[in-house]
C-alpha cells in the first residue's frame, strides 16, 4: 500500500505526539491483543502475560521501537524492517493474521491516548501505515 504525502505527514505528526510513550503504548496494544484475541498468546508461552508484566512491557518496547524506526523510514519500509521480517518469517513463524490483529489494537490504543489528534484522516493514514508495516513483515513468508 502506497502512502501519500498527506499520509506520511499525518503519520509523522501523530507519531511525534506518541513521543516517549511508544513502548508503553506498544505494551498496552499487546495486552489488548492478548485479551481480545486469546489465540495470539500461543506465540508467547514463556511470557508472564499478566497486566503490567515486565516481559509484555519489554516486548511492547520492541514493538514501539520498530514502529518508530518505520516512521523514520516511510520511503523505505522494506529496507528498514528487513531484519524483523526475516525474524518473524523464518525463526518465529508468526501467523500473518496476527499483525492485523496487533495493528487493530494499536489503533485502539492510539485513539484512547490521542483523542484530539485521532481525526478520521489521521486514523486512515495510521491504518495504511500499519497495513504497510504488516505487509513488509509478512513479505518473506513466500
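Placed from the backbone N, Cα and C atoms, the Cβ positions cover glycine too.
Among the features that Swiss-Prot reports, domain 'Globin' is placed at 2-142, with the record citing sequence analysis. Annotated phosphoserine per Swiss-Prot: 4, 50, 103, 125, 132 (among others), in sequence order, evidence recorded as similarity to another entry. Sequence annotations record features per position, and here Swiss-Prot assigns N6-succinyllysine to 8, 12, 17, 41 based on similarity to another entry. Under the heading phosphothreonine, Swiss-Prot lists 9, 135 (among others). Residues annotated as N6-acetyllysine in Swiss-Prot, with similarity to another entry given as evidence: 17. The O2 binding site annotation in Swiss-Prot covers 59, and the record cites sequence analysis as its basis. Sequence annotations record features per position, and here Swiss-Prot assigns heme b binding site to 88.
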Quiz item: Out of 4, 17, 88, 103, which of these recorded positions is nearest residue 125 (phosphoserine) by C-alpha distance?
Solution: 4
Exercise. With residue 50 (phosphoserine) as the reference Cα, tell me which of the modified residues 4, 9, 17, 41, 132 is the closest one.
Key: 41
Practice problem: Pick the one among the modified residues 9, 103 whose Cβ has the fewest other Cβ atoms within 10 Å in this structure. | Solution: 9
Quiz item: Of all the recorded positions here, 8, 41, 88, which one's CB has the most other CB atoms within 10 A?
Solution: 88
Quiz item: Taking DSSP three-state, what's residue 8 (N6-succinyllysine) in: helix, strand or coil?
Solution: helix
Exercise. Spatially speaking, which of the recorded positions 4, 41, 88 is closest to residue 12 (N6-succinyllysine)? Use C-alpha to C-alpha, please.
Key: 4
Quiz prompt | Secondary structure composition of the domain 'Globin' (2-142) [DSSP: H/G/I, E/B, coil] | solution = 109 helix, 0 strand, 32 coil
Self-check item: Candidate nearest residue 9 (phosphothreonine) in space, where candidates are the recorded positions 88, 132, 135 and distance is Cα-Cα
Solution: 132
Quiz prompt | Packing count at residue 17 (N6-succinyllysine) (other Cβ atoms within 10 Å of its Cβ) | solution = 14
Exercise. Looking only at the domain 'Globin' (2-142), report the model's average pLDDT.
Key: 94
Practice problem: Compute the C-alpha separation of the residue listed as 'O2 binding site' from residue 8 (N6-succinyllysine), stating it in Å without decimals. | Solution: 26
